[in-house]
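Asks: Dumping what Swiss-Prot says about this protein:
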- 2-31: domain '4Fe-4S ferredoxin-type 1' (DOMAIN)
- 11, 14, 17, 58: [4Fe-4S] cluster 1 binding site (BINDING)
- 21, 48, 51, 54: [4Fe-4S] cluster 2 binding site (BINDING)
- 39-68: domain '4Fe-4S ferredoxin-type 2' (DOMAIN)
């Protein structure tokens, strides 16, 4: 089952989540909205193992990157699983 990876605008562009991901789901892309001029992106969510290492690596108090496991996603959408 696929997991969902959400990057929030509290991302500070530090690259910690990208480096922590064992399956290379995340990458940095240019973004003018933060001091680092880059933000995390999740173009390969189909490869997400659901380990949440990216969440653990995030230094912000707001968890700028969140992994929603497949059962959390279907439950929040009101879908059967």
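A Cβ is built for glycine as well, from the same backbone N, Cα and C atoms used for every other residue.
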Asks: Restricting the comparison to the binding-site residues 48, 51, 54, which residue's C-alpha is spatially nearest the C-alpha of residue 17 ([4Fe-4S] cluster 1 binding site)?
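Replies: With Cα distances computed to residue 17 ([4Fe-4S] cluster 1 binding site), the winner among 48, 51, 54 is 54.
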Asks: Would you mind pulling the DSSP three-state label for residue 21 ([4Fe-4S] cluster 2 binding site)?
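Replies: DSSP call for residue 21 ([4Fe-4S] cluster 2 binding site): coil, neither helix nor strand.
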Asks: How many of the residues that make up the domain '4Fe-4S ferredoxin-type 2' (39-68) does DSSP mark as helix, as strand and as coil?
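Replies: Secondary-structure composition of the domain '4Fe-4S ferredoxin-type 2' (39-68): 8 helix, 7 strand, 15 coil.
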Asks: Counting Cβ atoms within 10 Å of each candidate's own Cβ, which of the binding-site residues 11, 54 comes out highest?
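Replies: In terms of Cβ crowding, the pick is 54.
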Asks: Hey, which of the binding-site residues 14, 17, 21, 58 is the loneliest by Cβ count within 10 Å?
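Replies: Least crowded of the binding-site residues 14, 17, 21, 58, by Cβ count within 10 Å, is 14.
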Asks: I want the residues beyond 21, 48, 51, 54 whose C-beta is within 8 angstroms of the mean position of the [4Fe-4S] cluster 2 site's C-beta atoms, in chain order.
Replies: 5, 17, 20, 22, 23, 25, 26, 49, 50, 52, 53, 67
Asks: Which one, from the binding-site residues 48, 51, has the smallest tally of other C-beta atoms lying within 10 Å of its C-beta?
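Replies: Taking 48, 51 as the binding-site residues, the minimal 10 Å Cβ count falls on 51.
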Asks: When the Cα of residue 51 ([4Fe-4S] cluster 2 binding site) is compared with the Cα of each of the binding-site residues 11, 14, 58, which one is closest?
Replies: 58
Asks: Have a look at the binding-site residues 21, 48, 54 and say which one has the shortest Cα distance to residue 11 ([4Fe-4S] cluster 1 binding site).
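Replies: For residue 11 ([4Fe-4S] cluster 1 binding site), the closest Cα among 21, 48, 54 is found at 54.
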Asks: Same chain, not part of 11, 14, 17, 58: whose C-beta falls within 8 angstroms of the C-beta centre of the [4Fe-4S] cluster 1 site? Give them in sequence order.
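Replies: Close Cβ neighbours, site residues excluded: 12, 13, 15, 16, 18, 40, 54, 57, 59, 60, 64, 65.
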Asks: What is the separation, in Å, between the Cα atoms of residue 54 ([4Fe-4S] cluster 2 binding site) and residue 14 ([4Fe-4S] cluster 1 binding site)?
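Replies: Approximately 12 Å lies between the Cα of residue 54 ([4Fe-4S] cluster 2 binding site) and that of residue 14 ([4Fe-4S] cluster 1 binding site).
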